[in-house]
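Quick look at what TrEMBL annotates:
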type     : residues : note
REGION   : 150-169  : region 'Disordered'
COMPBIAS : 159-169  : compositional bias 'Basic residues'
DOMAIN   : 174-539  : domain 'Peptidase S53'
ACT_SITE : E246     : active site, charge relay system
ACT_SITE : D250     : active site, charge relay system
ACT_SITE : S451     : active site, charge relay system
Amino acid sequence: QKIRIPDDWTDAGWVNPTEELELTFALKQQNTDLLEEILRLVSDPDSAQYGKHLTLEEVSSLVHPTELTQKVVHHWLQSHGITNCLTVRTRDFLQCTMTAEVAEKLLPGSKFHRYIRDDHSLVRSSAPYSVHDDVHQHLDFVAGLHRLPPKGQDLRKASSNRKQKRSKAGLHLGVTPSILRARYNLTATDVGTAKNNSQAVAQFLEQYFNPADLAEFMGMYGRSFKHLSQVDRVVGIQGAGKAGIEASLDVEYIMSTGANISTWVFTNQGRHESQEPFLQWIVLLSNMSDLPWVHTISYGDDEDSLSTAFMMRINTEFMKAGVRGISLLFASGDSGAGCKHLGKGQNTFRPSFPASSPYVTTVGGTSFKNPFKITYEITDYISGGGFSNVFKMPDYQASAVDGYLKTVAATLPPPSYFNTSGRAYPDMAALSDNYWVVINRVPVPWVSGTSASTPVVGGMLSLINDQRMLKGRPALGFLNPRLYKLKGQALFDVTEGCHLSCLDEQVQGKGFCAAPSWDPVTGCGTPNYPALLAALLAE
């Protein structure tokens, strides 16, 4: 059937047959079950293998495709005259450049058109394509044909449609680095000092951070603690466009929370309009042996808009990062439980991916109970959360989630709205409401979203990694098994408030609600830094 192109993209017609495209071929891997088992062992603090992470070379020798798979795929491409291909260290991705005419012959059925949204132009095929049976069994997916990037949340809008009216006199605090440090109990000495530590933000919208904004932000808000005012490395092409709010937010808050720690930015690699920026970052992870230990990513798409084959393979890529000791933090999204209309007045909640992946740490959002002072936290009603419809609940969270489902059984949304046996998220949370961000040299208030809370948690994990490294210990890596074993210790439990969902008769806009211990709005809670540091430093 025809692939549905979202309504906000306009079809600008067929692409010139000689136009160059880049397609990404995900080759079938070996030993993915063993990879999952290794991830479990190196991430479980009660295992003798805890912290014994693998190098990229070791990951490669474990998962690389069989000789047969490599031969069949290479031969197939060469028989169509496709020779301009790049591979990665793990040999399980090929990125090949070819003309649209060749691509349509290689993948019968595909028809490449240009699609335009705002000032963003992409080349995709809305027609289904086929791959020869002999080759099909050696591929997980081909990328660069169907998926269009989700529209980024408007982070200013997230704030302007907030329920509380701002008529009250008195200055609303807004969130700045010093407010975060006060709430989460970081002192001026909680900054990085380890030589081999680093952290990263990855962003995939057509946005750029402006180095002058970062310097200005640190000058205004970073005076009370030692910090860096520039990014150490940009991977990808920083466009000369306007600075984006999202890009500025991510960089400014990971660098003011994970203060004085070397920071990288992964940004759009877009040389070709057929590339998928999120996938570019995934591919890069398999091609760089030296990577930052913590990555925070504010990217998500509806689970139901992605193929299961694609998500399964991306999960394997997350496992490959986890066994190397890399922590991946994803924002849980800004649509609460989400809502999918099934027709005839029937609705269901709508989980988001990669937030719903069992192999990443997903971060939700909170607000201050009293927005005029530093008080305890309640839910931020936009905080993404819920239960995957694709991935089953991992063992590490089963008892925590089970506890929630029993405790709030009487007030849960109707069972037809969510899958109680799915991976439940988020895993933890932090403030996500009313941040100050410097953009185009001007401080801007009221920026909100889980793309604010995620780099804040990421920066704290970087500080903990820093202390671990000074003691000669390995990085935290995939945090979830250890996080859930804390059973809420070292975290502030959020127990008040709900998040949004379907506006219908049955649920009336209300998704899940916070409760003691874990809940699908704020996860296990928000970080009490000194207690979390102590808990995660313990042998």
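Using N, Cα and C of the backbone, Cβ positions are placed for all residues, glycine too.
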Among E246, D250, which are active-site residues, the residue with the most C-beta atoms within 10 angstroms of its C-beta: D250
C-beta crowding around S451 (active site, charge relay system), within 10 angstroms: 34
Per-residue pLDDT averaged over the domain 'Peptidase S53' (174-539), given as an integer: 93
Alpha-carbon distance [D250 (active site, charge relay system); S451 (active site, charge relay system)] in Å: 7
